[in-house]
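What TrEMBL records for this protein:
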DOMAIN    B:123-417  domain 'NADH:quinone oxidoreductase/Mrp antiporter transmembrane'
TRANSMEM  B:30-51  transmembrane segment
TRANSMEM  B:63-84  transmembrane segment
TRANSMEM  B:112-144  transmembrane segment
TRANSMEM  B:156-181  transmembrane segment
TRANSMEM  B:209-230  transmembrane segment
TRANSMEM  B:242-261  transmembrane segment
TRANSMEM  B:273-293  transmembrane segment
TRANSMEM  B:313-334  transmembrane segment
TRANSMEM  B:371-394  transmembrane segment
TRANSMEM  B:406-429  transmembrane segment
TRANSMEM  B:449-482  transmembrane segment
Amino acid sequence: MDVVLLDLAVGALLLTAVLMLWRRELSVIIGLYTVQGAALAAVVALLAVQERSVELAVAAAGVLVLRAGVLPAVLRRALAAAGSERRVTRPLVNVTASLLAAAVLTTLALAVSQPIVDLAPSPATRAAPVGVAVVLIGFFVLVTRRRALSQIIGFLLMDNGITAVAFLTTAGIGLVVEAGVALDVLLVVVVLQVLTGRMRTLFGRTDLDELRELRD
Amino acid sequence: MTLLAFAPVAVPALAAVVHALFGWRRATGWVGTASAALVLASAVALAASVVDRPFTVGPLLRVDAVSAFMLVLIGAIALLTAVATPAHLATEMSAGRASARTAGRMGVLVQLFLAAMALAVLAADLGVLWVAVEATTIVTAFLVGLRRSTAAVEAAWKYVVICSAGIALALLGLVVLNFAAQETGTGAGLDWAALVAAGPQLDPGVTRIAVVLLVVGFGAKAGLAPLHAWLPDAHSQAPAPVSALMSGVLLSVAFYALLRIRAVADLALGPGFMRALLVAAALASLAIAASLLIAQRDHKRMLAYSSIEHMGLLALGAAAGGTAATAAVLLHALGHGLVKAVLFLGAGRLLQLAGTSRIDGVRGLAARQPVLAGCLGLGVLALVGLPPFSIFASELGIARAGFTGGIGWATAVALVLVVVIAAALLGHLSRMLLGPPPDLLPATALPRSTAVALVGGLLAAAALGIGAGPVAVLIDAAAAVLDGAR
C-alpha cells in the first residue's frame, strides 16, 4: 500500500512538471508549483512513515512550509507586482514541441539513472529517476522561457527534482547542508525577484529579450 | 589552532558587520584592508603548521595543505584589491557615480564574499563547500548589479541564472555521490577524507553520473565552457575591485572543488574519465577565449576572456595529472590571480580616466599615465607567460606534464591557442598604450595606494617566478594531498 502511495506522490511530481509546460498563464503555473511542493512533502512524509524517522518527518514539514507555502507566496507577490503586464509566459518553443521534449527528457532520465536503481533496488530508488526527469524539465523551462518569472520557476522546478532525488536515494544529505540548501534557494529567488523589479523599472517590462546589450 | 582556523571566516564577517553599522567613511575605509591582511596572516600561520599535519575543527571544517594554500591565495589577492579600493571608491564618489550608501553596501558585500570563499576552502565536507559556493553567487549578484544600469542588471541576471542552474546540477551530483557513498557501507558521507578513503568501493556507474554533474556545475562557476557565458558580462559590469576578486579568487575557488572531486573520481573510475571531461572543457574554453579575443573591442571583456583562457589551462593541467602537474596548476592559479587582480584594478582606473571601456577609446596611455601604462603593460606580458613572472614557470610545467602525461595532442592544440591569444592581447594592448596621446585623457597622477597595489602584485608574481621559496613547500604539500590518490 505504501508503495502505491509513494508511486502516486512521485507521479504527481512529474505530472505537475509536464502540466507547467502545457499551461501558459503564470498564475496557473504557480498553482501547479504549489501542488508539486505538496506532493514532494508527501513523498518525504511517506518515507518518514516507512523508516519511522522523526528527522524525516521534520524534513517533510520543512519541505511543505518552504515549497508549498513560502516560495509560492513570494512568486504570487512578484506576479502581483507585474501589474498590467500580460501574465502569460511566452515560450520560445510551442506547447506541442515542449510536451514532446518533456517525453524525450523523461526517457533520457530513466535511461541515464539506471545505475542508481541497479545499485540498491527498492521502491524509493526505483522512483528516483522521476526526480531526475523533473530536474531536466526544469532546465528545459529555464532555457526556453523568455519571461523573468518563468525562468525563476524553471530554477525552482530543478530544485524540487533534486530534493526528490536526495530523499528517494538516501535519507537526505544532512541537516546542516539541507538547511543551507533551503536558505540558498530562498535567497536566489529573492535576488532574482529584486532584479526583476529593477528590470521593470529600467525597461518597463520583464521580457528577457530586452537583455541584449552585452554581447560579442 | 582552532581559533586560527575560524579567523579567515570570522574576521571578514565581523568587518561586514562594521561596514553595515558604520557605513563607508574615512575611518572604515581601511577596515577591509585590515581584514584582508588578517586573513592573509592567519593563512600563513595555518600553512606553517599544517604542511604535513592536517587538522579537523568540529565536524564541518578541516585545514590541510590544500586549504591553507587556497587561503593564502584568497588573502593575498584580497589584500591587493583592498589596498586599491578606497581610492577607487573616492574617485567614483567624487564623479557622482557612487554614493556613500553604495560604497557602504559594497564594503559589506565584499567582506561577506571573502568569508564565503574562506568557508568554501575550509569545508571538510562537499555539502558545506556547495553551500559556501552558492553563497558567493548570491552575494556577488548584488555586487555585479551595483550600478543599476541596464547593462549591470542584464549581467547580474545572466550571472545568477547561469551560475545557480549550474550549481544546481552540482547539487544533484552531490546528492548522487552521497548515495554512492552510503551504499559502500563504510559510513562515508560527503566528507572529503572519508570519500577518498571509500573511493575504491564507490559504485562506478553511479559515481560516473555524479562526476559529470559536479564537473559541469562547478565548471560553470569556474568559467569553463560550455557554461562560461555569464563571465564576460559579470566581470565587465562589476566594480573593478570586485572584478579583480571574482577573476583572481572566485574562479580558482570553484576550480579547487574540481581538484578535490578529481581525487575521488580517479579512485572510483580510474584517471581516464575525469581526464576526458577536463580535456574537453579545457580545449573548448581556450577555443572560445581565442575566437572572442581576436576582435574584442572592450578592454574589461578582454581581461574576462583571458580568465576563461587561464581556467582552461588549469583544466588542462588537472587533466594531465601527477604531482608535478598539480603543483603547476596551483602555482598557475596563484600567479594568474595576482596578475589578473593588477590588470582589473588598472583597467578600473583606466575606465575612470578615459570614461570608456572601449579599446579604441584609449590611445597613447604611456605618454600621459606612465605608471599605469607600465603596470598594465607588464601585467599583460606576465599574463601571456613571459619570464620572470610565475605564469611562465607554471605554463611550462603544465605543458611539460601534458606532453608526458598522455595528452600530448591536446597540449599541442592548447599551445597553438595560447599563442593566438597572446598575439591578440599584445595587439590590443599596444594600440592602447602606444601612439600619440589624445587631448582628452587627463594627466592626473595615479593615487599612491593604487600604485602600491599594482606594483606590489607584479612584484609578488615576479618573485614567485624567480623562486617560489616557502610557497613552493606549501604547493608541493598541497599537490601531494590532491594526488595522493594516484
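Quick reminder: no glycine exception, Cβ is built from N, Cα and C everywhere.
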Go through the chain and flag residues at least 6 beyond the ends of the transmembrane segment (B:30-51) whose CB is under 8 A from any CB in it; none is fine as an answer.
1, 4-5, 7-8, 11-12, 14-15, 18-19, 63-65, 68-69, 71-72, 74-76, 78-79, 81-83, 85-86, 107, 110-111, 114, 118, 473-474, 477
Establish whether the number of Cβ pairs under 8 Å between the transmembrane segment (B:209-230) and the transmembrane segment (B:63-84) reaches at least three, counting only pairs separated by 6 or more residues.
no
Considering the transmembrane segment (B:273-293), which listed stretch of B:242-261, B:371-394, B:406-429, B:449-482 counts the most C-beta pairs under 8 Å:
B:406-429
Considering only the recorded stretches B:313-334, B:371-394, B:406-429, B:449-482, state which has the highest number of Cβ pairs under 8 Å to the transmembrane segment (B:63-84).
B:449-482
Residues of the same chain, at least six outside the transmembrane segment (B:406-429), with any C-beta under 8 angstroms of its C-beta?
275, 279, 282-283, 286-287, 289-290, 293-294, 296, 299, 302, 306, 309, 312-313, 316, 319-320, 359, 376-377, 380, 383-385, 395, 399
